[in-house]
Structures are given as structure tokens and as C-alpha cells.
Amino acid sequence: MRDYEGNGVDIDNNGASPYSQHISRDHENERDSSRSRDKERDKGRDKDRDRDRNRDRDRDRDRVKERDKDRHRDRDGEKDRDRHHRDRHRDRSDRRERERTRDRDEDDLHRSRDYDRRRDNDKDREDRRRHRPSSRGRSEHRSKSRSRSPSKSKRISGFDMAPPTTALLPGATDAAGQVPGTNPAIPGLFSNMFPLASSQFGALPMMPVQAMTQQATRHARRVYVGGLPPTANEQSVATFFSHVMYAIGGNTAGPGDAVVNVYINHEKKFAFVEMRSVEEASNAMALDGVIFEGGPVKVRRPSDYNPSLAATLGPSQPSPNLNLAAVGSTPGSSGGLEGPDRIFVGGLPYYFTESQIRELLESFGQLRGFDLVKDRETGNSKGYAFCVYQDVSVTDIACAALNGIKMGDKTLTVRRANQGTTQPNPEQESVLLHAQQQIALQRFMLQPGALATKVLCLTEVVTVDELNDDDDYQDILEDMRTECEKFGALVNVVIPRPNPNGVPTPGLGKVFLEYADVDGSSKARQGLNGRKFGGNQVVAVFYPENKFSEGDYEA
């Protein structure tokens, strides 16, 4: 119902005008709009908060991930550091291992070379023993450079390692081949051979003198054993003869083995057996024909045996008290070529056969023993022989009748083999004089402060048998050069050789080494003196330079 109409204003029943109602509606709309805006604003803020929360969550998550990554990186870094340390340690270990391996390789190389050399040495040494008759058993094979067939590798040094220092002291009296704890091989030898007053030289060092004893008596201490079976070797021969000598009571130098060394030639089936003493070697002569490995063997004196000189060294006949029955032998079963009635027959034509020579000799009576000396290599006669008659009373008759007889282009020389033993013959006098000079020389050289020279003299190195063969001689020269130039500049090596006509050679058996300076010779003397060469103990002394330059090798 409208209350007012005159002024155009409508008023409702409640008394409100339309205008006010319109305003009121606007206000309500505005409030609604404001509320809507507030709601929208709140929604926006909520969205922002949610977005912020989500962002914070994402940030936290990223931060956590980043921390985890950092942690992993740190862990990886530690692993890397550990790996780096391990790598460095491994590198160091590898480097050390490589160095050790290189050192081991070098050592192995040296050892391998040494082993190869030793193996070749042993092989060559065995070949030499098998194929050559000389005392050290050198091989017949020679190097191609010498145009000899079959070929042979280079000779191996005969030197062994240096002996203990006690072997070089004056009190060390055990000589090469002498069993420790036993008496010397030849008691009283030097009082008979070298009548030198003790005041003349004073107390001599024993080692060089005993070494000289071994050299001086070697020819009388060796026996030749022929007819060996193919299976024989050095060890079996040494064991057999040591056992047999003990069984017959032939050991006179004390307890232990009588055999010192054995040099065997497998091709020619013979050996040289070296005994401890002259007396034991003489006892071994009673073993001629003894059964060895199923067959008899011949036991003889070697070709270098000197009966005249041996007579001054010890018994030359076997002991009559030997128990030969212990080995199945009987006294007198040997060839009977020993004793004062032994005859030397020289100047025989080389083409004479053994039967022809026997026929000539037996024209004076039956022979108890006969031995035609033959070349070990070729088997040909050397032009001389030895014999003993059953009736010794015909000995001088045969000598007088046969001596001086012309046989073809030769003239016979027939005499007692031991003729002149009461007085030293020229050869014996030479040996004794040489021994006296050697003692005097060594006494001077071994005195404290003795004058050193550039020349060194070695004894106890080579034997006469080894110097006769040209190729053996060249081998020894090479051997000496190879070994001795290790100590200094080696200028010259001189090794005197035997004269083919039998005239004594000054310095025979010695080796002279000339160095560029005294330092080299002094080192060589220190390194070589007392060492073993082929089983012999080497004696090294300085030698006067003026004598060496003049070719005087006798002092």
C-alpha cells in the first residue's frame, strides 16, 4: 500500500521508500561482492599458501635430495680418496713389485746363465772325461775355429771356488789329497830331499811346501788301470780300489780311503788312480789282474813314473805282508816289472811288433814280465819297453850284449831301469835343485812386505801330459786368459812346454802371468793362491820381472 503519491515517492507498507530499498540492495550486493572477493582472496591466499607449502615441501625435498646427493658425493669422494690411496699404494706396490721382479729377473738371468754354464761345464767335463786320456779327461772334440772334427765347445775353466781362509794359513797342513787327521804321506821326506839348515830360511810356511810334496810325488802315487769295462766310472773305480786296498791291508797312510782321485778315459777304457801315499801306490801294484765288475784289469805304473826319483820317496815294491787272498789273488801274479832287475830297452824301431821284440829279448832267457810302451791315442809303439828276466843273473849279460846294437836306422839303448839310484842322475839333480830354489823363492815372496812385481807365477796347475798335446795346450792358454784377466789387464801368459828330445824344460809345470801393473798381479795373487785347479791346490807367488823378460823361468 502506498502512503505517499504526491511527490512521486513510493513508500511500502513498512514505511521504506523505494530508493532506500534500492540502496539497501546495492549495499547487500556490494557486501556479497565483497564477501565474494574476500572468498576469492581467501581462496587465492589458500592457493598461495598451498603453493608456498608445496614449494617449501619441494624445496625441503630438494634440500633433502641435495643433502643425500652431498652425502653420496662425500661418500663417493671418500671412496674416491680411498680408491686413490689404494691406487697410489697399488702403484707403489706395483712399482716395487716390478723393481723386485726386474731384480729377480736379472738374478734369474744371472743364475740361468750360471746354471747354463755349469750345465755346459758338467757336460763338457763329462765329455772330456769320456773321450780323452789325459789326467783331467779333456775331450777329443775341438772347436771349429781349429778346423778339427768333430767340433768341441770352448774349454771350461778348471778353477773351482776359493778355499776356506784356513786353507791359506801357515798352520793348515792338509795338502790336496791328504786325509785330514792322518800323518803326512811321506814322513821325513824333506829332511832327505832338501838338506837345508833351518837357520838358512827360518820356519817355512807349510802350505806351499806340502803342495810341492804333492807335485813331487804325484808320478809315484798314481797307478794305471787298464781293461776297464764300459760301465766303469770314477766313483765305481775309486770305491772298488779303496775297498780292495783296505781288504788286503794295503792302507798305510792311516784311516780313510786310499784313493784320492780318479781320472778315467771311457773311450780307451783305462784310468789313472791316485793314492794318498807312495807306499799305498806300490801296494796297489800287487792288484794286477784283480777282478773288477766281472773281468780282470791291468795295474801298471804310468808312463811318467820315474823309478830313480821314486826310490827316494818311499817303497817301490808291494809289501810282502799283503793279504792278497782276500781278493782272490796270489803273490807273484802281477807282471813282475818292478824291482832292481828291471831293464829299460830304448831306441826300438816303431815298426817292430811286440812278438819281434820279445823274440830278441828271449834269446838270453825266459821273461818274467814285458811291457812295450804304446801311445795312448794311437796304440802305436813309442819305441821303448821294459822287461824282467826269470833268471835275474842274465840281466847284466843281456844289457851288455844288446846295448848299442843297430836296428834299422835306430841304435838300441839297453840298461837297468834303476841304474844310478845310489847317486842322483842329472834329471833327479835338476828336480831337487828346482825344489830347493822354489822353497827359497816362496820363502822370500811370502815374507811380510815382500816386493810385489807385475809377474805372477802359478804352480800346481798343469801336468806334463797335458802340455804335450797341441790342442790341450791351446785350451789351457785360453783357460788361463779367461780366468786371470778378471783381476786386471793381462799382458802375457807363458806356459813352458816339454822338449820333444827329453831335455829338461825350465819352468815346466808353471804358469807365468804378466800384468800391466802391480795392482792387477796383486789382485790375481790374492784371488788365485790356494784355489783348486783340477783337484790341485794352486800356489801363486810374485816372480822377478827381469828374469821373466829374459826368458829365465827356472827361479
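Heads up, the Cβ atoms here are built off N, Cα and C, so glycines get one too.
Features as listed in Swiss-Prot:
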type	residues	note
COMPBIAS	23-81	compositional bias 'Basic and acidic residues'
COMPBIAS	90-127	compositional bias 'Basic and acidic residues'
COMPBIAS	143-155	compositional bias 'Basic residues'
DOMAIN	221-304	domain 'RRM 1'
DOMAIN	341-419	domain 'RRM 2'
DOMAIN	460-546	domain 'RRM 3'
Whether the domain 'RRM 2' (341-419) meets the domain 'RRM 1' (221-304): three or more C-beta pairs under 8 angstroms: yes
For the domain 'RRM 1' (221-304), mean pLDDT (0 to 100): 89
Three-state composition of the domain 'RRM 2' (341-419), taking helix and strand from DSSP: 22 helix, 29 strand, 28 coil
